[in-house]
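Per Swiss-Prot, the features are as follows:
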type	residues	note
SIGNAL	1-24	signal peptide
CARBOHYD	Asn50	N-linked glycosylation site
CARBOHYD	Asn106	N-linked glycosylation site
CARBOHYD	Asn140	N-linked glycosylation site
CARBOHYD	Asn147	N-linked glycosylation site
CARBOHYD	Asn152	N-linked glycosylation site
Amino acid sequence: MPQLSASSLFICLWLVDLCHVANSVLSSSFSDLHTQFGISLYQTLTETENKSNLIVSPASVSLCLGLLQLGARGNTLVQLEGTLGYDVNDVRVQNILSRPQGDLANSSEGLRLQLANALFIQTGVKLLPEFTQHALGWGNTSLLSVNFSNPNHTHSRLQQWAHYQSKADDHLQTREELHHSSGEEEEATRQDHLLYMALVSTLVFHGAWQKQFLFTETQNLPFTFSDGSTVKVPMMYQSSEVNIGHFRLPSEQEYTVLELPYLDHSLRLLVALPSDRKTPLSQLEKQITARAVGLWDTGLRRTKMDIFLPRFKMQSKINLKPVLQSLGVSDIFSPSAADFRGISDTDGIFVSEAFHEARIEVTEAGTKAASATAMVLLKRSRSAVFKADRPFLFILRQISTGSLLFIGRVVNPADMP
């Protein structure tokens, strides 16, 4: 059965030598806030990333920033709240943020969604009990001890944990494994006060379409790049009734949005494509807003369509430090400004690096394609056609929360990792 598989990995390295809560009022539209953060994150990335395929998980990044927010104080907390748009200490926010895991983790209809965090703490660093309690209840968080003086061992542990989370089908690792010995604590304090912590967040998703793309219908068709050149790529096909809508950008250019639902209807993949082949995808990327995405909910209409969607697989590795700084989160990276007194009594904790890795694959199930299908595809019914044969934007969105699990662009489906 056709399915979409995705996973993301977010890593923060903290350099230790270690913000009062300004009570924020929860917005009446948490969905809009979540969407706004995701769009802002993506648009900031498009300003710095090259014109290649791109994918990011706003849900995963916001989960990590939320964990930081639990231990932030002063202006550090203000910046995190301002960027996310909400206060994770609000129980209503916590209930909403826990929905993705609760809604889908136990689905029996071809869906699997797993969210997990791990906070790797330098041996010898003592966490505050209150933070430990809150962290272990936040997004399936594990607290794990590691000696950062051995980089190879540390990297191996981070990768092993992330690999375990991406492969575990039935459960998530949520536990506390803090083991300190006096010798390890001594060693930790001898590192010129340079203690480390690492935060790893994973989001894994596998989903089956409500209506499958038959592997035997896939054929090689041209995909046109932004410069006008073409390449032949495996193009999936199906004819069915789907939700589709036509919208207009502030610059008056039109674009089309197609919705592909999953079996239990909790998630949907939205594909946005400029209607005019001469309109570059960058125009859509620059002008899309959270409000526009919200209007898609009411602007889509059920229509019989012939759908052509390229099979694609991509991976992005992103340095989030400049991106978050552009979004207004700067104190966490400053040794003098970062205020994480809610995490530990140890002075001088700040974030030195922040990386994000995301992967996605859209394909049909099956092991080999059939040939001689071009004539069949070219003689379909007279239904309207949606053909993603040029660069397009995609969003994997959860309906109940508005959370953008993934947002990205396909500019070259033939460029696969």
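A Cβ is built for glycine as well, from the same backbone N, Cα and C atoms used for every other residue.
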Seminar exercise, completed: Of the glycosylation sites listed (Asn50, Asn140, Asn147, Asn152), the greatest number of other CB atoms within 10 A surrounds the CB of Asn140
Exercise. Could you state the CA-to-CA distance between Asn50 (N-linked glycosylation site) and Asn147 (N-linked glycosylation site) to the nearest Å?
Worked result: 36
Exercise. For Asn152 (N-linked glycosylation site), which DSSP three-state class applies?
Worked result: helix
